[in-house]
Amino acid sequence: MQFSKMHGLGNDFMVVDAVTQNVYFSPEMIRRLSDRHCGVGFDQLLVVEPPYDPELDFHYRIFNADGSEVAQCGNGARCFARFVRMKNLTNKRDIHVSTQTGRMVLTVTEDDSVRVNMGEPNFDPQQVLFRAARVEKTYIMRAAEQTVLCGVVSMGNPHCVIAVDSVDNAPVATLGPVLESHERFPERANIGFMQVLNRGHIRLRVYERGAGETQACGSGACAAVAVGISQGQLAEQVQVELTGGRLAISWRGPGHPLYMTGPATHIYDGFIHL
């Protein structure tokens, strides 16, 4: 099986063409491939499938390193867009794809950055898969014997965003996994720790559901900006500084889609016997 190794700001992926290749991945196989000592090593596996709808170009599937399938990965979406053009699966710059929960438009720019229409952020607890009686801008949670104030939003996957004074000292490794599997998130969640520098600039670290802390989380950056704007802390255009680099996020507010722009880097192509 042929594959490519790619990354988006250090969030790394194994990307596989299932349009011209016949492939199947069991959870056990994914866990084996994701091992950084005995396998390829990656945060997520991205699979390019033929479209389920003739109006679309491809179907986009995402698997975490633990073998679980998820509905969204923003950094992966950028790598997906560059991959299908690099492999001559399409020559379009505007690429329409379906995911487990919806549709996305991926636009490859002249400098090979990728702009992703992430859709409209959804703050409805039922859509976020968060146990709450009603929509709130800020929720109070008990976790790890402390009170946590957070915002929750779905970007196609569930996110919890916590404001911190400094991401350098944020309890990502301790509080992250506790909140990820908190009883109020029955399907688990991605946990973002956001430091607001000013209305147009934040720093962010994310503990990703099924993957742990990564160098960058695209949907997490989108979620943090959406929550920050909804709480009145941020402007419509925000630079998000992650461990692996920067993303540009823009959102005009309710009724409008949110856009993410950033790089996608090809590392190498490989072949593996399964």
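Glycine too: its Cβ is placed from the backbone N, Cα and C atoms.
Swiss-Prot lists Asn11, Gln44, Gly74, Asn75, Asn157, Asn190, Glu208, Arg209, Gly218, Ser219 as binding substrate, and of Asn22, Asn64 the one it places in that same site is Asn64. Taking the Cα of Tyr268 (site 'Important for dimerization') as the reference point, the closest of the recorded positions Asn11, Asn64, Arg209, Cys217, Ser219 is Asn11. In sequence order, Asn64, Val70, Asn157, Pro158, Glu180, Arg188, Ala189, Asn190 constitute the residues six or more apart from Arg209 (substrate binding site) in its chain with CB-CB distances below 8 Å.
Spacing of Cys217 (active site, proton acceptor) relative to Asn75 (substrate binding site) is 6 Å (Cα to Cα, whole number).
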